[in-house]
Amino acid sequence: MTGNNTLHTSCRHSGLWNGDIFSGSAPNFPDCFQNTVLIWVPCGFLLLCMPGQIASLCKNYVGYPLPLGARSVIKSFFCVVLAVLTSVILALNSTQGFHCRPELPVPEEFYIGAGALVFIFVYLAVITQVQRIRHVISSGILVTFWILLLACSSVSLQSSLSYRAGCVTSILYYAYYAVVLIQLILYSFADKPSRPSYTFIGKAEKSPEEEASVVSKWVFWWLNGLVSTAYKRTLVIKDIWEQVNYLRSDTCIPELDDVWREAVHRHTVQQRRKQQRNISHVHVYQNGSFHSESTPLLTNHKSDNDDDDKHIRKSDQSRPSLLRVVMRTYWKEWLMASFCKIVCDALSLLQPILLSFMIDFLEKKHTDPRPQWNGWSLAIAFFFCGEIESVFFCQGAFRMMSLGLKIKVALVGMIYQKSLTMSNAAKGQYTIGDIVNLMSVDCQRIQDAFMFQYEILSFFLVMSAGIYLIWNQMGVATLGSIAVIIVITVLNIIFGKLQQNYQSVILALKSSRIKLLNEVLNGIKVLKMYAWEPSFTRKLLNIRSREMVFLKKVCVVTAFSMLFSVHSPFMMNYFILLIFTLMTSSSYLSANKVFVSLSLVNTLRFTVTMVPFVITGLIQMLVSIKRIEEFLCKEDLKPDNVSTSINTGYAISIEKGHFTWNRRNPRNTLNRINLRVGEGKLVAVVGQVGAGKSSLIAAMLGEMDKVQGHVNVQGSVAYVPQEAWIQNLTVKDNILFGSKYVEKKYRRIIQACALLPDLAILSAGDNTEIGERGINVSGGQKQRISLARAVYSNSDVYLLDDPLSAVDSHVGKTLFKEVIGPEGLLRHKTRILVTHGVHWLPKVDLIVVMDNGTISEVGSYEELMQEKGAFSQFLEAYLLQEDEEDSERENIVDIEKSEVARIKDDMWEQLECVSDYGLSADDSDVLTRRQSARKMSTRRNSRFSIPSGRRMSYLHPVSESSSENESSGLLHRSNSARRLSTHDKVNSLQKLHRSLSEGRILPYDAGAEEEEDTGRLIQEETSQEGTVKLSVIITYIKAMGVVGSFLSMLFVLLFQGLNAFSNFWLTFWTEDDVIKNQTLVNTQEYADRKYYYLIIYTILGVLQGIFLFMFAYLGLTRLINASGSLHSSMLFCIFRSPMAFFDTTPVGRIMNRFSSDIDILDDRVPRTFRLWAIMLSTLLVILVVISVNTPAFMIAIVPVGVLYFIMLRYYLPTARQLKRIEGVTRSPVYNHFNESITGASCIRAYRAVDRFITESQARVDINSTFYHAANTASWWIGIRLELLANFLVLAAALFSVFSDTLSGAGIGLSLTYSLQVVIALNLVVQSVSEMEMNIVSAERAEEYTRLAPEAEWIEPGSRPPLSWPEVGRLVFKSYTTRYRQGLDLVLRGLNCEISGGEKIGIVGRTGAGKSSVTLAMFRIVEPAGGKIEIDDVSISSMGLHDLRSKITILPQDPVIFSGTLRSNLDPLQRFSDHDLWTAIERAHLKDFVNSCVGNLQYECGEGGQNFSVGQRQLVCLARTLLHKTKILILDEATAAVDVETDELIQKTIKTEFRECTVLSIAHRLNTVMDYDRIMVMDKGLIVEFDSPQKLLDDKSGVFYSMAKDANLVS
């Protein structure tokens, strides 16, 4: 009461409000209202924000003051001017009377308000300069203040103009108002920071959003330049700026990661406390299991392990909540976006109130006329209310989309970091495909879910306010709408639970599909050679079909959800009318009540319509966030696995070490490891297959879990893995590995690593791009590049895991001598070398012998030779085997002993001196032992003997243009034809020196680009231009089904048509003369008429529901069918593509199509389609209804429609191209993920984790920049088109005001529909642009359905006989081929004949064309000329599968797929278990398979990770034995395996394939010395082809020189 009395005392000359304001010829607001409310609204706002504003300016910042520009000075100056004007106006009012009326004293509130304004203006003058100094380019608080001040001042200005225009204070107020307007304009622009005096070459421009003003951000003005560019020409990647700071990875990831780590730490502490409370005795870890101190000595260990497993499972189930962490990190952003949406919804609820005033004004126009300005003021209020609503809606949506992108960027970064740090046991549970799926699908779904999450808070507030307003109109009948809302909410919860269950299954199936596809693509070459494409196609399609079953179940649930959400406005309105009609028979159902209620229900309609989208997104987000949470909670490699103490006296020391790959495994992998390695020592690690050599290296790297003991590695580490890890970069970049280029050092290293000859034959030397997984270089080249990388790193410790096994023997000698050995580049470094080349053991400082996971012996070579242990047994077995091979060579030709042979003899002598037989037997015994071994070798060799009169091969080079001499020319063995000429060598060296770049090249150096293009293998991913082609849309519609698509659209139009008619029916109802006549209320005629309208209304509603459900069900299921059809077509085309496609296309690019693009077609397209169809049809009906009801409205529709079309045409190129480039920039992210996960151990070893994280973040930022730009563009167009929509609302309102024919019901119907235009038009634009962007995924998928195929798999008219080939006779007739169109020939005219059963060794230096012969045999590459015949049948005349299924290959790289051992051996399921076991036994794997859990059902793991490299090769051998044919090709099959495995493979081949034709490509010449003939290749030609003996007789021949280089001859 006291406050009210004070207020009235202050406002003694006028009240705060009165009823005469709107009754005059102009608005007449009381002075009290002007002096209080209009002053304190802007001032109060600024005063409330002042503490926060000052606090933010006081925070520390990194930046520099903005320059003192003219705009900044003018802003402060005008603030002072306003303060002076306010003071002058106050003084004049005090001296001349209030408003120039001397009889009126100046009210107290006027003094207070003026004083507040003066204080505010002075504050603004100061704070403007403070903000400039603190580098604030624009302030939203200040801009909002000026907007509020201008709006409030406009009311006072109107009063001055209308009632006191000539007063001197009014004249001053005009100047005051003009300055306020100028200030608003000035503060709407951002103060530009000064530009730096230099810029980095190649660095992207700063985002215009960073320097945009608040107003520019509100209306997205800063994007104008990009939209204009996209309209003028096609966008390219360089057109985009760098990512805005708040969305950069280095900003987003630490924000979330810090909170997550804190949550993990807190959870860990809680778990420990809980365990301490629950555990009453201490547990001790011993021998791989937990035992308590009270455990008796004799106990059941199984129960202990079971308890341990239960404990682990329980701890796994209890995890810190990632969802809570996300909300805790980003609650402010979420709340701000939700606030914008709440303001938007409040304004939308204000519009029905304005509608009530408008209907009341128009209904009383003729009976109780009011000033005309009341009507058009309401129309203008509609416009401004709608426009402000649009700004808040677009800002809320933009902020929520940006928040979703921020969370996605952070989660992608955290997943990447986790993949580089997680333990090997944890990684075993996730394949590369699984991790990529988390990054691509799950993170994307979490981002998409946030698109509508601001609806959660808005829903409850809007529903509460809406129901309250409806209650004011309809009273107790509102309970009907409340009941509908409750039922719909309950049903949506049920539907949400079903969707959650289905989505979990869908994501699991999607992961399985992506995982299998990733493995298939990585092993596609082997897959093609075995003709297994149909089998794996069926496997993938089976998973996809199960996925589609659940996708269709989701469609059914979504259709029901749509029925109860989209149809909810009718249901709510229907039950309101039903209750109102049945319960209030005496109340008149007026147009005001009906249409205000309908308008309110329609306002609620959009909120209720979004419920299924919110629930679907929320469910998907919860499922995905749980999956990511589970991944992030997996165990990391422990930092204390290896310490890095210095000055310990040893480079490497391991004390009492026990190590395991998986703590859940009861047995440790390594036990009782004690090892000390001095600095600068060369240590060799030897042992049998599976002895633990590679595990010892892993323990030194910290890759294994340390159960107990201590490991210390002093200094930096370089690691060369057994399987070389090569990046998709140039040779040079692979070697540098992020280090600075030093030319002299670089050249010395590539020379020492024997890379000079390889670089000389590469198209661009060391600038030649290496394909994924090193697809375009040999195994030996990969290993040498890997070794060169290690050497270049200049580390302190080198861990070399058998790098010499994959290279030729002479290259191995060079590498040992020049790099590894006592005289090599690394002679002063500590080197741990796992090797099977035991002839180098005398040259090492220390030998470590591994046996069954323990170190059995350690010592120098001499020390170990004095003991009879595992080392001497290993050495004896090896030397006996080598002697057999040496004897075979001696049978061929009598040669002098090579250096290697002399070393072996010395080793024999030392071995004999210390062995039992050496001590007890004389020399003749030893000689007999060695001779017996040689006799066995001779007998075995006799089975491969051939007549000496074999035919010589033919050689005739064929040019591309000439073929007339294709079949002539006997091979003349001359030096010029057999050997590399001196001229060729000089040219090669010149080419090499030209190719070695002098240093790093600037990214925009044109010359560098030309040079790099010559060595480029992977082609840049291209995107389409212009609109999505009509052919793509037609293809998509055909995939959906033309009839189904047509019916779906027909049903939605019928639904909307009936919906519109039902609203017209309400006008008929309210305008019916019988219903309007209140005197007939109690008559039967009145009741009959009332029920007639109600029954028809009910029927219309039922029909609407049926049509709506049919639309949703048909439309969504047809879209899923289209997605399935495109997936199947794409998969088929991928498998039918030639190998050249996979050589030039990264796996990540293909995976992008099958993961992200297919997921968009599965999930986002159906969601966008249903919104697009509903909103587009709604908009059409709105325009039709308003035009029918108010024909004059057509005058506004035409110009607005034209503008709408022009703006859409102007905008759509931006949306399309940004989405296309976003898809293109997504592939490098996947490629880098794949590459990094594969080489995680190398990355950790080189301590390059931070560099790779930075690289990943850079790629993610580029991709997210385009995504952010695309999102911003959608709201850029949205806010502009909503302006047009609000003009339509203004037009509809003005036409209603000036119309004399419309009834109250007609006006209500028109305005009710016009109010829906804004939201409908906005959602139409969003859905159209979203549909336009998402259909790009269909375009990208459709692109992969038109790939150029290889030859037909089956040629029905040219199928060979089932028994073909019976002999195995091979004939090459002038055969030429190239890898891809436009490249040089790799085979330049092969002419030779190979008899059935003959054993041929194919040798030659790197790049000679050996592997090309294999590819030609399988038609992986097609002939450019000539042909190959098998048993007189040309292989080009038959289908690929008919050919490939008749040839067996044992490839160099053992490819194993995840799945069971049985599925890997026999994916086509053609063999019995007995056949499989027979093959396994002959491959020497029976004991191992018997020891595996499940035997044939043993899970191999991704890429066969559960097997060693040797075991994988033996599995491939078993596979070869199963698919035995007349022709066997060995493509360097023993290149990467140890000596023991090599011996097993060679032994099996010689016995099992005795009668087959064998072609063996070899870089170990000793493996083919007992073959019938040797084919020597050079530069794609056969330069020599004869028996090994004859070739060695010719000491000027190429083969002899190769044998000499390999130390086989001297």
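Even glycines carry a Cβ here, placed using N, Cα and C.
Range with TrEMBL annotation transmembrane segment, chosen from 206-228, 827-849, 1126-1148, 1563-1585, is 1126-1148. Taking pairs at least six residues apart, the transmembrane segment (1033-1055) and the transmembrane segment (375-398) share fewer than three Cβ pairs below 8 Å and do not count as touching. For the transmembrane segment (37-57), the residues of the chain that approach it from at least six positions outside its boundaries are 16, 113, 116-117, 120, 123, 127, 130-131, 134, 136, 139, 141, 144-145, 148-149, 152-153, 155-156, judged by C-beta separation under 8 angstroms.
Per-residue confidence over the domain 'ABC transporter' (1370-1604) averages out at a pLDDT of 83. A Cβ distance under 8 Å defines the sequence-distant neighbours of the transmembrane segment (375-398), meaning residues of its chain 6+ beyond its ends; these are 27, 218-220, 337-341, 343-344, 347-348, 350-351, 354, 357-358, 361-362, 451, 454, 1271-1272, 1275, 1278-1279, 1282-1283, 1285-1287, 1289-1290, 1293-1294, 1296-1297, 1315, 1318, 1322.
Through the fold, the transmembrane segment (477-495) approaches residues 463, 467, 470-471, 557-558, 560-561, 564-565, 568, 571-580, 583-584, 601, 608, 611-612, 615 of its own chain, all at least 6 residues removed from its boundaries and within a Cβ separation under 8 Å.
Residues 558, 562, 566, 609, 613, 1048-1049, 1052-1053, 1055-1057, 1059-1060, 1063-1064, 1111-1112, 1115-1116, 1119, 1193, 1197, 1292, 1309-1310, 1313-1314, 1316-1317, 1320-1321, 1323-1324, 1326-1328, 1330-1331 of the same chain, all 6+ positions outside the transmembrane segment (1169-1186), place their C-beta atoms under 8 angstroms from a C-beta of that stretch.
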